[in-house]
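Q: Here it is, the structure in full.
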Amino acid sequence: MQNQQSNPARSAQTRPTAISSEIVQLAGAALIGAFVVYGVGFSHLMPVHNAAHDTRHSATFPCH
Amino acid sequence: MILSAVLVGALVGALLGLGEQFSTAPLIAAAEHQAEGHGHAHGHEHEHSAEAGHGHHGDGTAWAPADGAQRIGFTIVTNMGVAIGFSLLLMVAMYIAARGRGAPVNAATGAAWGLAGFAVVFVAPSLGLPPEVPGAASAGLTERQLWWLFTAAVTAAALAIAVFAPGWRKLPALVLLPLPYLFGAPEMPASPYGGHDAATAAALETIHGQFVWAAGLTNAVFWLVLGVACGWAMQRWVLDRDVIGGAHAAG
C-alpha cells in the first residue's frame, strides 16, 4: 500500500505512523466484518442458526 | 468507514430481508412444509405448534423464532448483520485498491465491486455446493463450510490478481480460479432427497429448482445495490481528498 503520489504535506517522520495506524484500522474493520458474517452465517449455536436460518439459506451459506 | 459501513449495510440488509420475503422465504417455507410433513429428514417427532415451525434441528429444545412476524423480524435483522459485515469487507477492499493502485471509488465502480462480491460469495461457492432448501441431505456441515470459505477466499484473491496485477503477473489468477474445484467440494449424496418418499422428493426437487433461481437473482440484486451504495458512501464519507485526488490523477 505504497502511496505513489508524492505529497509534500506529509513529512518523512509522520508518514510511517500514519501508514501503520491506517493498516491497523483497515485490519480492524476487515476483522469486524468477517466476524459478523461468520457469526450470522456459520455459527453452529442452535439459537443463532434458527434465528438466521432463512438468511443463511437465501445467501446459500451451508446451513444444515 | 465503520460507521458508513454500518449505515449502508443496515439499509441494504433490511431491503434484502424484505425482498427475501417475496423471493426465497416462501420457497424455504414450502420445502420445510414438505420435509416436515413427511418427517424423515432429521428423524425427529415433528410438533405442530407454530413455535416448532422450523426449529427442526438438534434436540428440539433450542430456541427458535416463532413463524410469522418474529421469524421475518429475525431474518431481516440477521440480513442486516450479514450486509454490514460484507459492507465492511467491501469497503476495506475498495480502500486498499484506491490507496495502493489508484483505483477510483464511486457509485459506478461500486457496481463492479458488487458484481465481484456476487461472484466471490455466491457464484463460486454455488458451482461446488448448489443452493440448498431445507429437507435436502448433504455432506458434513463443517466440511462444506470450510470448502465454502476456502472457495470464496481463493476466488477473491484470483479476481484481485486478475484486475490489479500488471501484465504477465495476472497469470496466477488462472491457476487460482479452478483450484477449489480441482481440490473438490465435499461429496454430496447421490440423491439428496433419498430420505423422503417419491412424491415429497419430487416436490422438493421442483422447489429447489425455483429456489436456485430466486436465490441467484436476489443475491445478484443485493450485491449490485450493496456495491453501488458502498462505492457512493466511500467516495462521499470515507476517502480523504488525498486518496481521491490521487485516484483521479492515476486513473
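In case you wondered, yes, glycine gets a Cβ from its N, Cα and C as well.
So TrEMBL lists the following for this protein:
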{"type": "COMPBIAS", "residues": "B:33-59", "note": "compositional bias 'Basic and acidic residues'"}
{"type": "REGION", "residues": "B:33-62", "note": "region 'Disordered'"}
{"type": "TRANSMEM", "residues": "B:72-98", "note": "transmembrane segment"}
{"type": "TRANSMEM", "residues": "B:105-125", "note": "transmembrane segment"}
{"type": "TRANSMEM", "residues": "B:145-164", "note": "transmembrane segment"}
{"type": "TRANSMEM", "residues": "B:171-191", "note": "transmembrane segment"}
{"type": "TRANSMEM", "residues": "B:211-234", "note": "transmembrane segment"}
Q: What stretch, picked from B:72-98, B:105-125, B:145-164, B:211-234, has the most CB pairs under 8 A with the transmembrane segment (B:171-191)?
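A: Most contacts with the transmembrane segment (B:171-191): B:145-164.
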Q: Which listed stretch (B:72-98, B:105-125, B:211-234) has the most C-beta pairs under 8 A with the transmembrane segment (B:145-164)?
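A: Out of the listed stretches, B:105-125 contacts the transmembrane segment (B:145-164) most.
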Q: Within the same chain, where does the transmembrane segment (B:211-234) have neighbours whose Cβ lies under 8 angstroms from its own Cβ atoms, ignoring anything closer than 6 residues to its ends? I mean 6 or more beyond.
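A: That would be 1, 4-5, 7-9, 11-12, 15-16, 19-20, 23-24, 27-28, 31, 83, 86-87, 90-91, 94-95, 98, 105-118, 121-122, 126, 130-131, 133.
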